[in-house]
Amino acid sequence: RWATTTTNAAASRTSSGRTSSRLSDRGIGGSLIRLIFHDCFVRGCDGSVLLNASDENPRPETAAPVSIGLEGFDILEEIKADLERRCPGVVSCADILIFAARDASSILSNGRVRFDVPAGRLDGVVSSAYEAQAELPDPTFTIRQLIDNFARKNFTVEELVVLSGAHSVGDGHCSSFTARLAAPPDQITPSYRNLLNYRCSRGGGADPAVVNNARDEDLATVARFMPAFVGKLRPVSALDNTYYRNNLDKVVNFNSDWQLLTQDEARGHVREYADNAALWDHDFAASLLKLSKLPMPVGSKGEIRNKCGAINHSKS
């Protein structure tokens, strides 16, 4: 294992250099934060989500339905290539993914979400769509399914609510919240449901992407469907506690978001974070740090990949 400070500084210099503008982009930044969750919840933090299809991994994690819309792989390859030129064979793709998510969280929160993470992870050589589908929570989950899913990774109900706040940024595909388009008023505000129906019927492609946070919608669309919400729009998206206020107002996309209001403890934490932005900043940083420490399965083989999308050698 190598020195934490050395690896951390190298990755930080890279992500704060020519790629910093991309890290601060709402879509890219949100995607990198999503990637840390998708990677670490499946086989631990081993960069397995970054692997492309190959003879060794014909159906990698990105092929799972729950992985729809994952992005940011190109920026991580860019950072990896830069680091390989500076210090070849030293920094794993798993570490780069963690550092990029850390930096994106800090940038998108205007420095309010800050945490130091140790280095020293190895890159795994196994990536399975089946495992990803089995391990990751689905946006259609009930509160019981969500609690059980997080408990398997030793996360509490509070940490489930904390990490759900990442939906204050990023996008979601319409196929991930289809049932919400016909959900009753006690589950989703009708005007917002109408907005989502409009977006999903008029968006590009067969499965359009819609911003997770209504605060990031364009003025014309919000003025048409939710004129009372116009004052909440933001010119620049931010990672913050607006997700919780929106949830209490039933202005959220995924069933898994609304489900947090159906259980007493989870609902209490939603209210707590809606009222206390600084507390959520602190707890979100702590939860991401805990997430970044999830280990690879016992006995797993690891390496430091030359490129993030491919293992260096055959498992045999």
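Just so it is clear, glycine is given a Cβ too, placed from its N, Cα and C backbone atoms.
No curator has checked TrEMBL annotations; they are predicted automatically.
According to TrEMBL:
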type	residues	note
ACT_SITE	H38	active site, proton acceptor
BINDING	D39, V42, G44, D46, S48	Ca(2+) 1 binding site
BINDING	P137	substrate binding site
BINDING	H167	heme b binding site
BINDING	D218, T221, D240	Ca(2+) 2 binding site
COMPBIAS	1-22	compositional bias 'Low complexity'
DISULFID	C40-C45	disulfide bond
DISULFID	C93-C308	disulfide bond
DISULFID	C174-C200	disulfide bond
DOMAIN	24-312	domain 'Plant heme peroxidase family profile'
REGION	1-23	region 'Disordered'
SITE	R34	site 'Transition state stabilizer'
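Annotated features, which come from TrEMBL, shown on the structure.
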| residue | record | Cβ within 10 Å |
| --- | --- | --- |
| R34 | site 'Transition state stabilizer' | 23 |
| H38 | active site, proton acceptor | 22 |
| D39 | Ca(2+) 1 binding site | 30 |
| C45 | disulfide bond | 27 |
| D46 | Ca(2+) 1 binding site | 30 |
| S48 | Ca(2+) 1 binding site | 29 |
| P137 | substrate binding site | 20 |
| H167 | heme b binding site | 23 |
| D218 | Ca(2+) 2 binding site | 10 |
| T221 | Ca(2+) 2 binding site | 14 |
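Of all the binding-site residues given, namely D46, S48, H167, those whose Cα is no farther than the 10 Å limit from the Cα of C40 (disulfide bond) are D46, S48. Listed in chain order, the residues near the Ca(2+) 1 site other than D39, V42, G44, D46, S48 are C40, F41, R43, C45, G47, V49, E61, A94, G124, S127, L294, M296, each with its Cβ within 8 Å of the site Cβ centroid. Within 10 Å of the C-beta of D240 (Ca(2+) 2 binding site) there are 23 other C-beta atoms, taking all protein chains into account. Of all the disulfide-bonded residues given, namely C40, C93, C174, C308, the one with the smallest number of surrounding CB atoms inside 10 A is C174.
Distance between Cα atoms for C200 (disulfide bond) and T221 (Ca(2+) 2 binding site): 13 Å, as a whole number.
When the CA atoms are compared, no recorded positions among the candidates C93, D218, D240, C308 lie within 10 A of the residue listed as 'active site, proton acceptor'. Proximity note: of the listed recorded positions (C93, P137, C174, D240), C93 have a CA within 10 Å of the CA of S48 (Ca(2+) 1 binding site), given in sequence order.
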